Amino acid sequence: MLGRRDGMAADFDGAQNLPDPKESLTDLKKKFADLGLDDTDFVALQGAHTIGRAQCKNIQDRLYNFSNTEQPDPTLDNAYLAELRQRCPAGDGSNTGLNDLDPATPDTFDNSYYANIERNRGLLRSDQAMLSAPEEGSESTAPIVGQFASSQAQFFQSFATAMIKMGNIAPLTGSMGEVRRSCRVVNSS
């Protein structure tokens, strides 16, 4: 059977290195750089957020208490903030309501995610951080966001390149892991 080998069990330690939706631009860029991925790869792979949803618990701080200021994130578009507050009311104990990562075209893989970010409609802090002013010693990723917002072809090409690079990070070889018949489950013995 042909395909990439998957592990036989979940890797809890590896999961701890995944990007957090509340991390700063500097921390996010470092996580990607530590894996040999550059800024273009980082911004392109964030574009996977053009499809999917996030729970209210991942954005509550942006809506009501950004950086412990008891104010919303000042980078959020006011109309978008109002929409999100309706779906994620303050004090809602469940925090499980879902919000589209790309409110314009939530079920289409396209570059509208980047146009949303340019309009301050990035759902997660990590999305909107790509437009933020860089911290000391770090370059802005805003020009890359602009490139992808204006050229879907450039986004698609960069995303494909970044996925190939990511697929080559520590691949399992030989008898390690297995090629899955169904990617969701371990093959039966």
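The backbone N, Cα and C atoms fix where each Cβ goes, glycine too.
TrEMBL has this to say about the protein:
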BINDING   PRO19  substrate binding site
BINDING   HIS49  heme b binding site
BINDING   THR50, ASP102, THR105, ASP110  Ca(2+) binding site
DISULFID  CYS56-CYS88  disulfide bond
DOMAIN    1-187  domain 'Plant heme peroxidase family profile'
REGION    1-22  region 'Disordered'
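The Cβ of ASP102 (Ca(2+) binding site) lies under 8 Å from the Cβ of HIS49, THR50, ILE51, GLY52, THR108, SER112, TYR113, ASN116, each of which sits 6+ residues away along the same chain. Non-local contacts of THR105 (Ca(2+) binding site) by the CB criterion (under 8 A, 6+ apart in sequence, same chain) comprise THR50, SER112.
The Ca(2+) site is defined by THR50, ASP102, THR105, ASP110, and by the 8 Å test on Cβ atoms against their centroid, the other residues of the chain that qualify are ILE51, ALA104, PRO106, THR108, PHE109, ASN111, SER112, TYR113. The Cβ of CYS56 (disulfide bond) has 18 neighbouring Cβ atoms from other residues within 10 Å, across all protein chains displayed.
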